[in-house]
Amino acid sequence: MANPIQSLAFSAYLATRELATQPIQAVLGILVAGFVVSLLVTFQGLRVGIYDDLERFPAGLPAELVMLEKGVRNLALVRSILPQYLRKELEQVPGVQAVHPLASIPAILDAQNRKTPIQVIVFETAGGPRDLVRGTGPDKASGTGLVMDDRLARFLGFEPGDTVPLFDFDFTLTGTTRETASPFAPYVYIDYDGLLDVYFQQGTRIAPDAMIFLSAFLVDLDPGAESVLRGRFGTEYSLMTPEALARADRRVGQRMLDPALILLVQIGFIIAVLTFGLLMYAKALGRQREYGVQKALGVSSGWLMVQLTLECALIVCLAMPVAVAVSWATGQLIEWLSPLFRVDVFSLPVLLNAWLASLAAGLAGCLLPLRYIARADPAIVFRGSHG
C-alpha cells in the first residue's frame, strides 16, 4: 500500500499538471466552472442585496424608539396611521427629548413613459434622505423639492434640477440618495410641511386622508425613559427600536421572497453538481493509464477519489475570480434593467456561502465517476494502452 502522504502528493501533482501540459483545456474547464459558480454567487448576492435594502431604511431611522399604529410591526408593506394629537401627548412624557413625525405613502411615479411603484417618505425634522450621492435635500422653503434613489433616477433619466411629476404636481429633483431602493418600492423623500402646503395651496387631486396622515413618530429619549414611554403607550401603540423594525421588515421580505430566491439557489446548485460531475467524469476517462499505474502500486480507489476531489477543489478556487467577475457584470445588468433589485456580490457571507456551496457541488459531482474508478483494473488499462 502506498504511503498516504506520497499518494496525496502525487494527487496534487496530477491535479496541477494539466495547467502546464494542457493549458487551453485547463483554462476552458476553469471558465466553465466559473460561469457555473457565478450562478451561486449571483443568486446568493441577489438574496442578500434585497434583504439588506429592506433593512437599511428602518435601521437608519434616527431615534431610540419608533411608534406605529397598534398591531403594525413593519414598514415594508403594512400601512400605519396615527392621530395627530398624539404628538403633543408624547412630548409631555418625562424623558422624551423630541418627537419627529414621519409619513410613508405608497404611490405610482408616472414618468418617462414608465409607471414605477415608489414609497414616498414625508418627513419634518428627522427621517429624511441621508447618504446623498448628488445634489441636496428637499428645499424646505419652497416645499417643491424631492429626493429619490440614485439608481431609480438614472434608470428614468432624471438629473438634479429636473421636474418630477408626482401627486399631480411638478416637483424639482434636488438630489439623489444611495442604497434606498427596496424590492417592493424605492424611496422618494419629500418635506412634510412643504407637501401639505402644495396640497392646500395648489388643490391637487390627492385625498386628504392620504396626505395628512401620520405613519410613525420617531421618539428621542433620555436614558431610562423607554420604560416610562412603554408603560404609558405600550398597550395602545406599537413601540419598536429601529433595529427591531429592520429585522421585522427583513422577515416580511423573507416570507414573501424566500421561496423563489431559495429555489433559484437550489437550481444553481443542481446545475453546479451536474457540471462538475461531467467535468470530473471526463477527466477520469482521460486518466486510465495513470489510474492503472497507481492501482498497480497499491493505491486504493479511495485515494484516487481524493485525487479527483483535490483537483475539483483546485478548480473551484481558481474559478472564484471568474465567478465574481461574471456575477458583478450580471448584477450590473440586473440593476440596470430593474433598479428595485441589488446584487451584493462582494459581501463576505455571499462569497463564503457560494464558495462552500461550490465545494459541496464539486464533491457531489466527483461521485459521478466513482463507480468507474472503483472498477478500474490495471491489467485492462495496460492492455487497452497497447491494443
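Every residue gets a Cβ built from N, Cα and C, even glycine.
Tertiary proximity for the transmembrane segment (26-46) is limited to same-chain residues at least six positions away from its ends with a CB under 8 Å from its CB atoms, namely 18-19, 261, 264-265, 267-269, 271-272, 275-276, 279, 315-316, 318-327, 330-331, 334, 341-345, 347, 350-351, 353-354, 357-358, 361. As annotated by TrEMBL, transmembrane segment applies to 26-46 (among others).
The feature transmembrane segment is assigned by TrEMBL to 260-282 (among others). Long-range contacts of the transmembrane segment (260-282) within the same chain, counting only residues at least 6 positions beyond its ends with a Cβ under 8 Å from a Cβ of the stretch, are 29, 32-33, 36-37, 39-40, 42-44, 46-47, 50, 308, 311-312, 315, 357-358, 360-362, 364-369, 372.
For 267-377, the entry in TrEMBL reads domain 'ABC3 transporter permease C-terminal'.
TrEMBL lists 303-330 (among others) with the feature transmembrane segment.
Counting only same-chain residues 6+ beyond the ends of the transmembrane segment (350-370), those with a CB under 8 A from a CB of the stretch are 33, 37, 40-41, 44-45, 48, 265, 269, 272-281, 283-285, 301, 305, 308-309, 312-313, 315-316, 319-320, 323-324, 344. Taken from TrEMBL, the feature transmembrane segment applies to 350-370 (among others).
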